[in-house]
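Engineer: If you look up Swiss-Prot, you'll see 2-22, 43-63, 83-103, 111-131, 147-167, 186-206, 224-244, 255-275 marked as transmembrane segment, on the strength of sequence analysis.
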Amino acid sequence: MLEILKAVILGIVEGITEFLPISSTGHLVLVDEFIKLNEPKKFIDMFNVVIQLGAIMAVVVLYFHKLNPWSPKKSRLERSQTWTLWKKVIIAVIPSVIIGLPLNDWMDAHLMNWLVVSIALIVYGVLFIVIENHNQNLRPRFDSLNTLPYKVAILIGCFQILSLIPGTSRSGATILGAILIGTSRYVAAEFSFFLAIPTMFGASLLKLYKFFAHGGTLAGNQGLILAVGVIVSFVVAYASIRFLLNYIKTKDFKAFGWYRIILGVIVIAYFALLAH
């Protein structure tokens, strides 16, 4: 029962942090110090990635009409715009496949530590504040996904590669990149959500494949633990996405920047104290 409760808490953390630009990894590094599943490391590593499937499904459910090119309620123009949106998303994910996929395991092996995570939290927190201050009196060049050029989509996809560095935040890197290029906050957030679908779905499937291909099995309650994490992640991510979309209608991302800086300092302070 305790392991199920831990899965609920980890699902909540994943659901809240996956689409807010605050780094799910940064939070899991801290949470892992206090709430660690009493399971083999191989299962825990797989669990931490695969619970993202719940967050992905939250995007699919929330945006099902917008993302469905076969909807009978859409006009021919709207169906064409939906197909074009998917083309932009697929093009944007290419840099992660070409560059990110080969580097992923190396990054996890060499950079997955509290110091890298905390530095990334702080650096990107500062960047959010600086860029928002710079853009506060500027009109966005792209205020609709329909007007977003393919070259801008692929540039945003290039920013996603930065999220290979633990603590960066996939949504943080893509939203920051999109705003820097000149999109509105709303377009930046939505495109980041859509870009997550192939990116995170692919990452989750790859992790599952590696888990089972290397002899992993779901023993005891592990299947239930994984299912609970995915379901909780879905419910919380759904609420988190709705919150963010409502928030950025009237506010900017500076609060998230300050939050990242504070969290980064807390991570450094906590592990520095542990070392002594």
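Glycine residues also receive a Cβ, built from the backbone N, Cα and C atoms like all the rest.
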Engineer: Which range wins on Cβ pairs under 8 Å with the transmembrane segment (2-22): 147-167, 224-244, 255-275?
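Structural biologist: Out of the listed stretches, 224-244 contacts the transmembrane segment (2-22) most.
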Engineer: Answer with yes or no whether the transmembrane segment (224-244) touches the transmembrane segment (147-167) by the criterion of at least three Cβ pairs under 8 A, sequence separation 6 or more.
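Structural biologist: Answer no: the transmembrane segment (147-167) and the transmembrane segment (224-244) share fewer than 3 Cβ pairs below 8 Å.
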Engineer: For the transmembrane segment (111-131), which stretch among 43-63, 83-103, 186-206, 224-244, 255-275 has the most Cβ pairs under 8 A?
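Structural biologist: It is 255-275 that shares the most Cβ pairs under 8 Å with the transmembrane segment (111-131).
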Engineer: For the transmembrane segment (186-206), find every same-chain residue at least 6 residues outside the stretch whose CB is under 8 Å from a CB in it, and list them.
Structural biologist: 18-19, 49-50, 52-53, 55-56, 59-60, 63, 67, 85, 88-90, 92-93, 96-97, 104, 140, 142-145, 148, 153, 156-157, 160, 170-171, 174-175, 178-179, 241, 244-245, 248-249
Engineer: The transmembrane segment (83-103): which same-chain residues, six or more beyond its ends, come within Cβ distance under 8 Å?
Structural biologist: 66-67, 69, 145-146, 148, 150, 153-154, 156-158, 160-161, 164, 191, 194-195, 197-199, 202
